[in-house]
Amino acid sequence: MEKIEEQFANLSIVKRSSGTEEHTYLLGIDTSKTVPAEKGSLVAVLCSNGLIRIYDKERLNIVREFSGHPGHLNGVKFANSCDIVYSSCTDSTIKCWDARLASEKPVQLFKGYPSNVFISFDISCNDHVICAGTEKVDDDALLVFWDARINSQDLSTTKDPLGAYSETHSDDITQVCFHPSNPNMVVSGSTDGLVNVFDISADNEEDALVTTCNSVSSVSYVGWSGKDYKQIYCMTHDEGFCWWDLDHLDTDEPITCLNIQDVREVMNLKGSVLDYLIGGLYHEKMDKLFIVGGTNTGVIHLMSCTTSGLSHVTSLQGGHAATVRSFFWNMQDDSLLTGGEDAQLLLWKPGAIEKKFTKKDNMKIASSVYQRVRIHSNDSYKRRKKQ
């Protein structure tokens, strides 16, 4: 554990993104996986103005931008085997662009059913299947699937769905996450509080459902962890954390590893506070799950996760001036990218020579009602503390 603490504690800012005239929240980050981390790698960032910005990771300069107009984009993800970048859109499509081409036109559109408003998605580890979650419309909240493979015999730029799951969630499906190495396994999370695990190689939805876990709150983040990624975890919009071991499904052992209703109430952060959770990362080399959170003034907290609870590892300060909304941990070079409501994209590396930056003024902006942003329930927390 000491090695982990030292590694994260040594993170320093080496690059800060070049500024833009429009101050936007940076809501999601992913990086291209086709080249070594420092040789022409691209970074895709989802912005609150509905654009996806492509950055050169080495310099953090904006290379190009993609828009979902007239729809609004949710989520950003690179393919695993090429520099195609995907995003789900409120206009009933999943759009994908070639991140190395200047053309703003999507190279492929995956069309949903007419009433679909997609708010979450992911692509399988072999790039064969896309799965997207919808808002609840009437009584339906769907997981919609497409064949993402490019067929040289079919040059059509539009694809219809393979089908959909409709029986397992009763409200907006906020999260979809494929297994890192098994292309048939996918986990979904919803505002109904349920976290469902599917094996999509099964013939129908009922048979595909491996298990259902209940977080008892609206799900804001899901992920895989553990040796061979046989564990799942989730975070909730009221800053709860749940962690389950799927290896225990067919045993007498309890499936729940950890369940914390409000992480803010249990963390001792050595003179600081925890205002919200951002997400999690499983460190393969160390076989350790970490939780990332922060403060409204831009401090980033890293916490380690064990079955006995969460413990504070380190805090990163002096980077952001407002709430941090997104991060990406690169296992290849142990670097960290973070994005916030101060419109800043920062690159952190362990042991790097720290460059002194003038901390940007707090450029928090009022969220558009149209923009789908992650809301943290600070008010409910304050009310509980007064009781």
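From the backbone N, Cα and C atoms, a Cβ is placed for every residue, glycine too.
Bear in mind that TrEMBL entries carry predicted annotations, made automatically and left uncurated.
Noted in TrEMBL for the protein shown:
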- 66-98: repeat 'WD' (REPEAT)
- 166-208: repeat 'WD' (REPEAT)
- 317-349: repeat 'WD' (REPEAT)
Which sequence positions outside the repeat 'WD' (66-98), separated from its termini by at least 6 residues, show Cβ-Cβ distances below 8 Å to it?
28-34, 42, 44-46, 50-52, 54, 104-123, 125-127, 130, 132, 146, 370-372
Summarise the model's confidence over the repeat 'WD' (317-349) as a mean pLDDT value.
93
Go ahead and report the DSSP secondary structure tallies for the repeat 'WD' (317-349): helix first, then strand, then coil.
0 helix, 18 strand, 15 coil
Using DSSP, break the repeat 'WD' (66-98) down into helix, strand and coil residues and give each count.
0 helix, 20 strand, 13 coil
Counting by DSSP, what is the helix, strand and coil composition of the repeat 'WD' (166-208)?
4 helix, 18 strand, 21 coil
